[in-house]
């Protein structure tokens, strides 16, 4: 078989994805496979069995990243090409987020091992630990680019308050090894991740594949509107200092605020807390947790300033005070232009349409881009749904994306 004829085994890829979805399966059709949970441990054991059955060598580092290797016998000293994603999920999440990129990577290394493609450098599949952040967002890939100190690991807690170090210890891992997981410079030649879009851009445009140009930076902060608690029945509307009215006016203006910054800027309030919280009490405080994102650091900072200005205007209109506390801002991660060109070329050769686009969600690729040239391939998400049981992509799109991933990895590993 020539390299040009090399394709993935679509039936096998579908079978592995369907089997993986049984670990942590929910009656809703979704999956609850949070990191280091019994479902996650069972999925990891199953994955190890799959690799052993295919004759693939594997290892697990101290933080839980799984690495599977296809060697290049005549070039073992060369930096490896990596591909992969994650298999952990959010509670009652979808069957394809992370799972697609991980199982497609498994299919890639299986096909390379089966067909004995003459590689000029090794190819490695990686399954990153805790991408979804049960203990720390992008935990596994972060540990590859910078070491976690022992005291930092001691402080990490899960959603239920359990300690990460206890979870690792319960699984029989050497907790001390979790501080020694960084990848030496020059170890990775390139990294490519296949992922569902988790949005509706590709589907609405009728485009086969997305070529990711960058992963957005993210900011977050707590915004408080401060008013005065009063009796709900005896305080006339005109005399109230109701912080929820100011918060509502602010939220209604979010589309205009983001549009004033850029076409790619977004802002979300996913949590609102009202105090004192009585049905018959005019609130004294409304606290909003904000998430704001864009493709450039300067735009993120400008968006944050615009949000605070809008909050001050809304507060003034209702005789309120306002207070803002930044939680964090993370930088955007530009992806490698040469790999973007390569993905487009491979897709075009297979007759697929592409669209260059930023990723609005965080991914392990943003960490990998700090240590190696990195690319991402998106396939359409039906209805743009993700992080829910309704998450879906067609098997045709899955196979299309996996074949483009395979040919991209082969090109990088034979150059």
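Positions of Cβ are set from backbone N, Cα and C atoms, glycine also.
What you see is a predicted model, and the numbers here were worked out from it, not measured in a lab.
All protein chains included, residue 86 (Zn(2+) 1 binding site) registers 28 other Cβ atoms within 10 Å of its own Cβ. Under the heading Zn(2+) 1 binding site, TrEMBL lists 86, 97, 195.
As annotated by TrEMBL, Zn(2+) 2 binding site applies to 97, 132, 387. Classification of residue 387 (Zn(2+) 2 binding site) by DSSP places it in coil, neither helical nor stranded.
Annotated domain 'Peptidase M20 dimerisation' per TrEMBL: 216-317, in sequence order.
Rounded to the nearest whole angstrom, the C-alpha distance between residue 132 (Zn(2+) 2 binding site) and residue 86 (Zn(2+) 1 binding site) is 9.
Counting in whole angstrom, residue 97 (Zn(2+) 1 binding site) lies 7 from residue 387 (Zn(2+) 2 binding site) by their C-alpha atoms. For the binding-site residues 195, 387, the ranking by surrounding Cβ atoms (within 10 Å, all protein chains) places 195 first. Its Cβ placed at the centre, residue 132 (Zn(2+) 2 binding site) has 21 other Cβ atoms within 10 Å. Residue 387 (Zn(2+) 2 binding site) sits 13 Å from residue 195 (Zn(2+) 1 binding site), counting Cα to Cα. Summary of the Zn(2+) 1 site environment: with the site residues 86, 97, 195 set aside, the chain residues having Cβ atoms within 8 Å of the Cβ mean position are 85, 96, 98, 99, 100, 101, 102, 131, 196, 363.
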